[in-house]
Structures are given as C-alpha cells and as structure tokens.
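J.: Heads up, here are the entries from TrEMBL:
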type     : residues : note
TRANSMEM : 40-59    : transmembrane segment
TRANSMEM : 71-93    : transmembrane segment
TRANSMEM : 121-144  : transmembrane segment
TRANSMEM : 164-188  : transmembrane segment
TRANSMEM : 200-220  : transmembrane segment
C-alpha cells in the first residue's frame, strides 16, 4: 500500500548548497513554516550529542553501582546486550529518520504512518513521553553535576561533611539549574555563542577522555605489587549485594550500560 509518506516531495533533495534553505524547504513539504534561525552546524550538533550522551563519564559514574548489582557479568555482558538492543533501535528508525527528518521524531511518524484517531492518540502520548524524557534527562544530568562538584570538594578536603548534607545538595542543585538556565537564555541572543560553546565542550570532553585514560594506564603501570583478578572473574563472576533477587539485580545492573549508550 502506498502512503503519502512514500510520495512526499520532501524525499526529493533540492540541488542547493545552502543547508538552511534546504531545511526550510523540507519543513515546507511537511506543512510547517521555519520560524527559528539555523545556528548550529553539523560539528556543533555532533559535539552536543557527544557531550550529552557522555558514554565514558557515565560508565565511570555508574561503575560502583554496577559492581554491586551484578558485578562483572552485568557490567560486561550487560553492555553487550544494551549495545545490540540500541543497534536494533537505530536500524529500525534509520529509514524513517532519513525520509521524515523532523525534531518531533516518533510522535510525527506515528501520526503519518497511522492516520486514524487511535494513531493521533498514540502520537499525543508519544510526544508527552518525549517531553517527560527531556525533563528527567535534564534533572539527572544536573544531579550528576552536583555530585561531581561536591565530590571535588571532598577530594581536596576529605574531612568536609557537607557533601552528604541534604540542604547543601539541594542548594547546589538549584544553583546549577539556575546558572544553566540563565546561560541558555542569554546565549540564545547571539547565534554564535551556543555553537561555539558546544564545540568547546565537545573538544574538552573528548580530550578529557584521553587524558584520564592515559592517567589510569600510567598509574597502574608505575605501581608495583599490584594484584589482578583472573579471567574467570572478569567474564563470569556474579555479585549481588543489593538484597534484591538476582533477576531484579540484573536489570539494575543494566542501568549503567543503558544510561551510557542510550542517546535521547
């Protein structure tokens, strides 16, 4: 059965070197009028996606929880499972992303591929799920930044007890949220500020990965009398220190890999 999606003129690329004009024409084919300026280049968007995903830093953050929630089995084989699942999601959505490139994503695709009252209702629910995901993602990222900043304070002053005090955590969390909000409000007034900031953060984030990786390798290589676990511990040891059944613990252990590989 042929649908209007398959014959949509948006699939026919316009021969132009102006990406902004191309995007505006694509939006017009979808029935929308472009109202915002196109300020981000491909590299700035890649830098933003790389930083938001934060695979290596997220793995480092969740390593302690992974060790107690399944141990090496959950960390290693859970990563393989999550990678395969995310690859299936990427392959299944790839064709729709290329034929209907819109920021609304699945909510738009449902309404086009299922043009019925039930499809419109599912599209509405999908849009709300996306919105809730953006909110929870922002909240979790700021919570991670709060814990990171307080941990840096403890690193230089081990006897400081403020890192575990509730009101200190709350104030730092609120302050971080307000500072990020104000920065985005002010930076949006100039088209060049946010793209440059994205590029800076992306390059810095990638550089920190190599610096920390080298520091870990050097610190291990320069220390004597280190003991190492055998291969069967790395590939087959199950550790459950959560108090939950093994099945529940397995899914808890998947959080580390899922949070680091699932881009929202």
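Residue positions begin at 1 at the first shown residue.
A Cβ is built for glycine as well, from the same backbone N, Cα and C atoms used for every other residue.
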J.: Using a Cβ distance cut-off of under 8 Å, indicate which of 40-59, 71-93, 121-144, 200-220 has the most pairs with the transmembrane segment (164-188).
T.: 121-144
J.: I need to check the long-range neighbours of the transmembrane segment (40-59): which residues 6 or more away from its ends have a CB within less than 8 Å of a CB in the stretch?
T.: 137, 141, 194-196, 198-199, 201-203, 205-206, 209, 256-257, 259-261, 263-264
